[in-house]
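Since the structure comes first, as structure tokens, the remarks are kept for the end.
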Ligand SMILES: [Zn+2]
């Protein structure tokens, strides 16, 4: 660390700005070899701020009947992006809420047609032929799945096009339909093989996305083989074995059956987290951008713990919210009964309106509390952990990266937004 | 490192106001620079190795929503890709327009597409969906129609439930059901079988659903003065069943709910769907549909020996109990021409009409206590 780096000077002791080596050309080091610039990742920003931001923007979203959500998403992304610093330089999200609104309007103009007419027809066919709405839901779902992958790729393209680091834009080449049909085939193969070829899907879809990703004028490449991801599946398979033992024990009416089944469930949860973290590590370490390579070393146990603790805490907070609301509902309902027996019908309708108001209010309160707590205790800790355990190794090539042109991409995330393609933020 | 930067440009020998790092937006190179705020010339002077830039002070913006609270990340309208990073936060006071926003999207474009989206949604919801629903309602087979009604009824029961545990219960007192069955037999001796239910709820209302479902709320049966008034409501709802108004309505909402959900997103969407389901009960049929259902009811009632004026009596009873304003509770009360409908019902009763009681006193008592 060079103390005369201008970004470091004048900083407080706690150093939450934390940029190191930003102005330095390179650092001698023993771990990665000489003549390499080692850019360590870190995450700036604390829980309190993201909690406040999520709560404030969430409230505005509710008050504007959902229309502030474009601003909410933009502001949260700006916050998270600016919190990630690699080699001291923060990333930046340059998306525009109005651009998102426009993209959404474009998507609505087209999708309203599809959704209105198709839903109606499906409902009609389903009830006419099958006397139930299950067929309608199944068909509607089947029709939406390819669109869902399509929209996901498009959303990724938009987000990358609006992400900058060191002033240079990222980008993703067009290719959403290619992605959609590949994803469908991979999913079909994965399901038909009972999940045995899951790593193959993970690898090839990631390779499709990575090989089309650019940083400035440098294209990223996904190297490695899909079989290398099998080490990431070990805990899922072990959990499956334990589940098998549990099934045998339960079948034999053994008293240990339940406990072993519980172990299998927890182990399975950890196995999934392990798969996610480990594949991310393996894939990231096999990526390159020209000569620039990456060294990721996230800890699966830590990530699993963040999930357990974070969602546990979110549930706890929501429960706390529920208790007073429950009492209020009970009190109101008692009031309704009393009034009804007293025959004051006008008042009955009045308190039934109050009841509705309280129900809607509590629905939104829970929604807001859950969202804000999950940001502070799940999303942010995850981002922090992934950032802190990432290192970019630059063989003096980074400073040569040139800017790329702007991807205007009118529809922004419109389709993803309209189809509810759930991105974390 | 700052010592090697030649300070050649600025004529004075003032020390720099701050050190910073510049990303010029052309390459990813991080350049160490020094900053001088020159308020006289209205520019921020940025000097470094091979760098000689002036940013107009009025054009300097703070990049918003930063996670880091100690440094400054600055941009400039004139050079939108460049970023200046400085640890000196006091610099902020020097720039007057840090928070000014520029709209990158043309307002007209936005308005045009907003109008387009609204027009598209309006066309779908107000024209295409009703048109198709009207056509399809006539083509749906009886069994399918019944299933549609069943599904809608379950939705309504879930929406009306306030306990959050189970759907709103049906009232199934045996003698009460027997009285209701007798009333049904009197009104529709040989027509298609109906499915008649009573829901345990205070609301003074009744509604018809696709496939011959007719549902009363306990509130309506308790509020009625005579069994003939209940029979009149029964006959009116039968009129809706026969003309398939509820089927049209259910198909229409199947098309509209998805579109409205699309518009409001998952955030408000959940509450919205709940709200719309409640609207289903209110079922505002067209004025013509109401008039036709009334006319149908007069015929059914006369044939069953119940004076059609009972429909008018029912309106009258409810109006004196709740007043005209309480329309939310019952769709037949919310009708603007309530007085006209009362008059019509009385006029439909010929002079010297021979009324036969539809239920005995005992049966009427059982029906009023069907929820016990
Ligand atoms: Zn009616």
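Positions of Cβ are set from backbone N, Cα and C atoms, glycine also.
In TrEMBL, the annotation transmembrane segment applies to A:304-333, one of the ranges A:304-333, A:394-423.
Transmembrane segment is the annotation TrEMBL gives to one range among A:6-27, A:28-49, A:50-71, and that range is A:50-71. In TrEMBL, the transmembrane segment annotation falls on A:134-151 of the listed ranges A:134-151, A:152-169. The range from A:258-277, A:278-297 that TrEMBL describes as transmembrane segment is residues A:258-277. Here the listed stretches are A:50-71, A:101-122, A:134-151, A:235-252, A:353-378, and the one with the most C-beta pairs under 8 angstroms to the transmembrane segment (A:258-277) is A:235-252. Scored on C-beta pairs under 8 angstroms, the neighbour of the transmembrane segment (A:101-122) with the top count among A:50-71, A:134-151, A:353-378 is A:134-151.
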